[in-house]
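Undergrad: These came from Swiss-Prot, pasted as-is:
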BINDING   14, 202, 204, 238  Mn(2+) binding site
DOMAIN    5-267  domain 'Pyruvate carboxyltransferase'
REGION    392-523  region 'Regulatory domain'
């Protein structure tokens, strides 16, 4: 048996299900490209039949990614498999992942069928998917609670039908490691054709055991782990990719396993996913948390100073976290910025040097010193900028009365190239700015969440504002970055306004196309 563990990333499918606002196609592509650099073997990027937006994003990613296998999810239904195959057809290499529930509670309560009927559906789905590709994965949903006799029958039948990968999910995060390891061992002991497929696991974290269960599974013969960056996902989340990768790398002598993950890309990928998904990483999160390499105890600090491996089982550098936060000023040239970006793992294709350097100089003039984390924040915001913006912030002036708690804001917006100025009073500067923007634009945006975070250290740190807003029953995520909190807040709102404007344009175009088809059909 091979000692290579296949890393199947499902950040863009299972992970995205946990988000308050769906990612845009552009944001999904950014994450997919980062996952490709990270070295994931397979990336599951959507559920094409679920919506036109998901279909488009899967197709866009499939057309772009070259070094990882792109996968799409489909229920055990022909229409789902058709949509997956169509969206993936532009990929250099792709996989169709089809699934059906196998536990007694799911079969009887959800599917309302007999187990034999469900088995026939599974076999039919695998055979149908094989018409489009040899790389078909089949999942036994809720395998952790499926009677072992039924699970063995299902796995054997799916392999016989042509599935090359069989996934055993602990869908509700119910099992403990000894139990889950026993399930995997039973499959290897009892399924006669088990050697004809790769056994995969997909563990959820409802009891905090997803990583432990996944590691136990590979110790019993599984050779694919399904996971997400930062462990994001439904309910309590999924198995964490970075934890799996570093466990296998750090304990290689004990486990005798390896992955194809480029660990130096972990830190950057984690940051990107956290920012785009608007899901901050908890400080004490293993591997990628802010405190993961921080030592507060005097005894620990003394030990690390004497020998780093006294209290560090891996180095920050091993995950791409550079200890050298070299400060840069407005006198730093382009070559310095380019060098720092290269050291942080960014290629020239990841940013526009002219745009970045212009933003860098503006920031350096404001705060004097610019650090690595500032550059990363600037690159992130640059990447969110769209080619076509209907709204732009030209000027923002705020006056606050601390005794009354009131503030007045005057804003000048660029709306389709024309300047519009309005003023408003509110309960604090941000509220006043938002009311003035609404008055100038005529947009009524319902903000459901507002989050402020510091990007860096000290009083001159950049402030990043993330907002989630409701518009026509859809959620949109806006981000703003500035040394001034009110300015960052205004930028985040205008980002959302541009997103909603584009959504309206897309809906308008779809309506026109539908009308045109109707008229043609009537001729």
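Backbone N, Cα and C atoms are what each Cβ position is placed from, and that goes for glycine too.
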Undergrad: When DSSP states are grouped into helix, strand and coil, how many residues of the region 'Regulatory domain' (392-523) land in each?
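TA: Split into helix, strand and coil, the region 'Regulatory domain' (392-523) gives 51 helix, 58 strand, 23 coil.
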Undergrad: For each of the binding-site residues (202, 204), count the other CB atoms lying within 10 A of its CB, then report the residue with the highest count.
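TA: Result of the Cβ crowding comparison: 202.
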Undergrad: Just how many other Cβ atoms lie inside 10 Å of the Cβ on residue 14 (Mn(2+) binding site)?
TA: 23
Undergrad: Inside 8 A of the center formed by the CB atoms of 14, 202, 204, 238, which other residues of the chain have their CB, for the recorded Mn(2+) site?
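TA: Residues close to the Mn(2+) site, other than 14, 202, 204, 238: 10, 169, 171, 203, 205, 210, 226, 227, 228, 233, 234, 237, 239.
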Undergrad: Give the helix, strand or coil assignment DSSP yields for residue 204 (Mn(2+) binding site).
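TA: In the DSSP reduction, residue 204 (Mn(2+) binding site) maps to strand.
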Undergrad: Quick one: give me the count of other CB atoms within 10 A of the CB of residue 238 (Mn(2+) binding site).
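TA: Excluding its own Cβ, the number within 10 Å is 30.
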Undergrad: Summarise the model's confidence over the region 'Regulatory domain' (392-523) as a mean pLDDT value.
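TA: It averages 84.
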